[in-house]
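So the structure is just underneath, and the comments pick up after that.
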Amino acid sequence: MKRKLDANDVPSPEAADKKEKKEEDDADFESLNLDPRLRQALIKEKFTKPTLVQAKAIPLALEGKDILARAKTGSGKTAAYVLPILQTILQKKATDPSFKATTGLILVPTRELAEQVQNVVTTFAAFCGKDVRSVNLTQKVSDAVQRTMLADYPDLVVSTPARVVTNLGSSALSLENLTHLVIDEADLVLSYGYEEDINALAKAIPRGVQTFLMSATLTDEVDTLKGLFCRSPVTLKLEDKDDQGAGVSQFVVRCAEDEKFLLTYVIFKLQLIKGKVIIFVDDVDRCYRVKLFLEQFGIKSCVLNSELPINSRIHVVQEFNKGVYDILIAADEQEVIGARKSKKSKETEEAGSSDEDEGEPEDKSKRRKVSGKEKDYGISRGIDFQNVACVLNFDLPSTSKSYTHRIGRTGRAGKTGMALSFVIPKDQHGKHRPTSTATSKHDESVLAKIVKRQGKLGHEVKPYHFEMKQVEAFRYRMTDALRAVTRLAVQEARAREIRQELIKSEKLKRHFEENPEELRQLRHDDELRSARVQPHLKHIPEYLMPAKGKKGLSSGDVGFVSFRKQNENRIRKAREKNRGKGNGRKFAGVKKKVDPLKTFNRGRK
């Protein structure tokens, strides 16, 4: 395109944003001068062009500069710091092949994210042979095994801060030769209760270490980490306008508390949503209540929460990404419980922070303590869920910030997605006690902040209207199913699931590396069978079906239908069969004849 001439017939300078965009379009991995083995891994994984954060961060990282980058989850932040670290390790090994030391440390807030980062490192180091070794310290292994893993000085260590401090205390891990430090999801590390561990690490890490702070938001916690670890960092505030949720259609439904279950049943039974769905709920109990409710109608789903063993949680995410399961019910516990905050951040909040990011204050009596199990669990941030068609906020989050992170699980990598949220009007709160939650009291005020925040990003949260006349026809079936899902049934389901997953977790750890075929036998969406299942609820009578939905759910060829039930006289037939064998029921007052020619036992006189 020709540029306009000014008064002196000189072409006007090219606009800065256009120039920047042109540079981004021209950028490729070849221009980054990476090691051929890394480029080979990129080609294998079909990485053609670097994302915005990769194009900006990798050249700066290769120059040795500290980096503070803000970019949304799914923008390629992991590769932006893994590739420069691997490049430096390979260069060091090229000059000194016998060099052995831990030179890279990657800190993450959760075990799930640690496993994900470890997989990325393994993928990019696939062609590096024995030149690059990495260890994930969050794996459930004994201290003796972990000490053995660290004794060989792995080049790269991926861990939560707590595990690093533990191994430093036992002298199993040495950071004397550390050259790279990464804190991924930096805004979560302090809020997840790692403040003491971070302060201990700040004293143990040598000076002059190159630091990467990666975060989706720049908060007070990130500023604290910046002061502890960084030396004049380059700050990258990257907002790819093409990737800021533009592909996510956002809808909200105002409904009563029990109608959440009714609408969920209708959505899945009539297949109103095609593809994979993540259902976000408040806590673990809610997780199993929704799962047991869906089981009543023969709808399979799997759960993800902090109570499950780490191997099982990782396996659930992997299988969900492969398309083995279509419905994942996730307990967003950290968001509901309230992250543990430092004294400084508490004072900042009390002074008054942006109303966009703050939820409604929760009564102290209703807050639960965060257990050690929950400390390193998080699902709405960092985890790379693939090809998610819809995010269903069964329970609305308490902040607009959390809402943004939840809906970020869909519409990733240029694809489209949908976010549907259930909102309880204030006058409906507490009217159906069995399904009521404390957080729904503030749904309307939180929704107002969500709409405001999304409006600033140029997105609209639209109301979604169901044809309630048709939906109401299903209410009696929903009521029957919900009545069967009692509090006792939920508790039994939790205990049963944990027992099953513990067994599976051990097998995953010890056995399945040698027998990968048997992985198919492990299903996380099996029925829990703790609630009374009513078989008739699994089928929809034709008179309940909406006119438009009949074709999609029924085929023209009905096939053979027997006049009588196949199992009609099952018990009677079994009884008759056993009676023929001499095992039948003995009726009171009736003596059985004894043939003296067949037995030596004489009957009583």
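In case you wondered, yes, glycine gets a Cβ from its N, Cα and C as well.
Quick look at what Swiss-Prot lists:
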type: REGION; residues: 1-30; note: region 'Disordered'
type: COMPBIAS; residues: 15-24; note: compositional bias 'Basic and acidic residues'
type: MOTIF; residues: 27-55; note: motif 'Q motif'
type: DOMAIN; residues: 58-236; note: domain 'Helicase ATP-binding'
type: BINDING; residues: A71, K72, T73, G74, S75, G76, K77, T78; note: ATP binding site
type: MOTIF; residues: 184-187; note: motif 'DEAD box'
type: DOMAIN; residues: 247-469; note: domain 'Helicase C-terminal'
type: REGION; residues: 339-373; note: region 'Disordered'
type: COMPBIAS; residues: 350-361; note: compositional bias 'Acidic residues'
type: REGION; residues: 564-605; note: region 'Disordered'
type: COMPBIAS; residues: 572-591; note: compositional bias 'Basic residues'
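Known features from Swiss-Prot, placed on the structure.
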| residue | record | Cβ within 10 Å |
| --- | --- | --- |
| A71 | ATP binding site | 24 |
| K72 | ATP binding site | 20 |
| G74 | ATP binding site | 20 |
| S75 | ATP binding site | 25 |
| G76 | ATP binding site | 18 |
| K77 | ATP binding site | 26 |
| T78 | ATP binding site | 26 |
In the same chain, residues at least 6 away from the ends of the motif 'DEAD box' (184-187) whose Cβ sits under 8 Å of its Cβ atoms read 77-78, 81, 106-109, 113, 117, 213-219, 221-222, 225, 381-382
Mind checking which residues of the chain, 6+ beyond the ends of the motif 'Q motif' (27-55), have their Cβ under 8 Å from one of its Cβ atoms?
62, 69, 71, 75-77, 79-80, 83, 86-87, 90-91, 123-128, 236, 238, 240, 243
Summed over the motif 'Q motif' (27-55), the DSSP helix, strand and coil counts are 17 helix, 0 strand, 12 coil
With helix taken as DSSP H, G or I, strand as E or B and everything else coil, how many residues of the motif 'DEAD box' (184-187) land in each class?
2 helix, 0 strand, 2 coil
Can you check what DSSP calls K77 (ATP binding site), collapsed to helix, strand or coil?
helix
